[in-house]
Amino acid sequence: MSENQKFQLGTIGALSLSVVSSVSIVICNKALISTLGFTFATTLTSWHLLVTFCSLHVALWMKMFEHKPFDARAVMGFGILNGISIGLLNLSLGFNSVGFYQMTKLAIIPCTVLLETLFFRKLFSRNIQLSLAILLVGVGIATVTDLQLNLLGSVLSLFAVITTCIAQIMTNTIQKKFKVSSTQLLYQSCPYQALTLFVIGPVLDWLLTTQNVFAFNYTPQVLFFIVLSCLISVSVNFSTFLVIGKTSPVTYQVLGHLKTCLVLAFGYVLLRDPFSWRNILGILIAVVGMVLYSYFCTIEGQQKASEASTKVTEVKESESDPLMGVENGAESVVPKAPAWKSDKDLHA
């Protein structure tokens, strides 16, 4: 099996793990929040991250992955920013209508595209842009209901979108810059994320619910679902870093909207949640956008790989044949190897 095939299988596995674990935790948290009344989402997320770190520490002790320390300031800043973005998203949901919150989530994709274009000179083809537009229209039709605006909620949503985009771009950038795996990055950033949310979580939850998380009645049933949610979160957090590292922040957001559609469909089929023709139409349009996005990404990826392989072959041939540049009896200058920077640049 070639390296390219292994990479594709790894990417498919990461995407599948992300979808299954995310849908599972949504179902678990829905039972915990809606049925059992445990509405402290930010504090719960801090517990998720703490359990994830402990699980990774055990995995490190069992030598399932190698610890690779790198720039401590980058890790700390990244971890704190991730924690803040999660808190801001929860605040956005609390101070806005559900419809406006869904619009906030939709805004993450165009914002990410804009930031990557401005600061990383990354180009998105018209086909990719079209597929993303179709996806966003579909998800908007399926999920956005009311759009009640207020100043505080709008400001919180703006900061939530910006911090989330930057955090996800950093996830991809740090893994490539320092050559660390998703597991290594998650292990080192988890403590900072958990500590940030553990400090601000109870305060945010009190602002949103006017209840004290430490005064809640923790029945055995509540504890069971909290533990189950924390265990599933290990897979969610790991797959998030894995997907962004193997693909891109934009692809991760596309995957996130796929999860939203699956949760809606699951709620209708098994839980008999209210469903309308608008939901069905929106999901179908979103699925078309996702299929087109996946198709265009695959085609463009194969084209780039083919072009890079061709260029490498041409350079090797020019190095092995010094007479290649001889024409009409005069020797022209043949480009040497330094004309190419590195293999990394060829595949960028």
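Glycine is treated like the rest: Cβ placed from N, Cα and C.
Now, the feature entries from TrEMBL:
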TRANSMEM  12-33  transmembrane segment
DOMAIN    21-294  domain 'Sugar phosphate transporter'
TRANSMEM  45-62  transmembrane segment
TRANSMEM  74-93  transmembrane segment
TRANSMEM  127-145  transmembrane segment
TRANSMEM  151-171  transmembrane segment
TRANSMEM  192-209  transmembrane segment
TRANSMEM  221-243  transmembrane segment
TRANSMEM  277-296  transmembrane segment
REGION    316-348  region 'Disordered'
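Beyond its flanks by at least six residues, the transmembrane segment (127-145) meets 97-99, 102-103, 106, 109-110, 113, 250, 254, 257, 260-261, 264, 278-279, 281-290, 292-293, 295-297, 300 of its own chain at Cβ-Cβ distances under 8 Å.
Taken as a whole, the domain 'Sugar phosphate transporter' (21-294) shows an average pLDDT of 85 in this prediction. Distant neighbours of the transmembrane segment (12-33): 39, 41, 44, 222, 225-226, 228-229, 232-233, 235-236, 238-240, 242-243, 246-247, 252, 255-256, 258-259, 262-263, 266; these residues of the same chain sit at least 6 beyond its ends, with a Cβ under 8 Å from one of its Cβ atoms. With a threshold of 8 Å between CB atoms, the same-chain residues lying at least 6 positions outside the transmembrane segment (192-209) that come near it are 39-43, 45-46, 49-50, 53, 75-76, 78-80, 82-84, 86-87, 90-91, 94.
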